[in-house]
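Residues or ranges marked as divalent metal cation binding site by Swiss-Prot on the basis of sequence analysis: D101, E102, D206. Summarising the annotation, Swiss-Prot assigns domain 'RNase H type-2' to 95-311 and lists sequence analysis as the type of evidence.
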Amino acid sequence: MSNSIVIQTNSTVIEDMKQQYKHSLSPKTPQGGIFMAKVPSCTITAYKSGKVMFQGGRAEAEAARWQTVSQTPKTAVKKSVDSHRFAPPASIGTMSIVGSDEVGTGDFFGPMTVVAVYVDAKQIPLLKELGVKDSKNLNDEQITAIAKQLLHVVPYSSLVLHNEKYNELFDKGNNQGKLKALLHNKAITNLLAKMAPTKPEGVLIDQFTQPDTYYKYLAKQKQVQRENVYFATKGESVHLAVAAASILARYSFVKQFNELSKKAGMPLPKGAGKQVDIAAAKLIQKLGKERLPEFVKLHFANTEKAFRLLK
């Protein structure tokens, strides 16, 4: 018998959900709907009214992932994602800052990596000279060359959430947004402890969700960094600390990805496109479906697509 659960939430959480399910979105949206997504054993439909319906065998488990951040419905207000009380000051680009960024959240294969970096204001010219900028504009060779120098120049904290642990935490009701928040907070906390007694003038997080939602995700954590913490989208263009964090996160991710390919005994593609489905199907044939959680993020729609290719 198919279950059906409806929760009431707000526009911020719905936008977060849409981002979370971006690889599973259906081209069809019902009247009054914002999006429809299909994941294994569950269909999720979000409506403009703030209601979200979960249908299918895993409806209860899927809904549980979002209910903790949906307890206080708010009226949807049209405003910029950067319009909030946690926006950085105009002068932040010249300040001594801890910046954090993550890599691997949109890749079916490979881990999620988060890095926090401290850049003293006096180091900014040096980082520019090293070629530090958004890692998306650099190839793997450039990333490696810059990262190897950065490792000896800036204090940092690097965290890797491997696939098996990622899937385990996800199955316990932690959506990807919450996992990112936990890793960012932990990386920043670790770095601040490593730096002590030196204190940064602020902390800049490359914004992946609204700050209020970020702190809701951390509600049960014993240590939460709140002092002079700022959020901004495209944080790498706001301060070089985020750009440096992005480079070190990508460097770590690429190393982990190469190790994973060796473990698989075959080259693994990045991203979440059709080539990933084909590679996953080959991996299942080669190692068996029970080994899949070691290599992939199981909740991606690619899992179902890979199994379809084997039929």
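Note that Cβ sites are derived from N, Cα and C of the backbone, with glycine treated the same way.
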Cβ density check for D206 (divalent metal cation binding site), other Cβ within 10 Å (all protein chains) comes to 25
Within 8 Å of the Cβ centroid of D101, E102, D206, the other same-chain residues by Cβ around the recorded divalent metal cation site are S100, V103, V114, V115, H184, I205, F208, G235, V242, A245, S246, A249
Mean predicted confidence [pLDDT] for the domain 'RNase H type-2' (95-311):
94
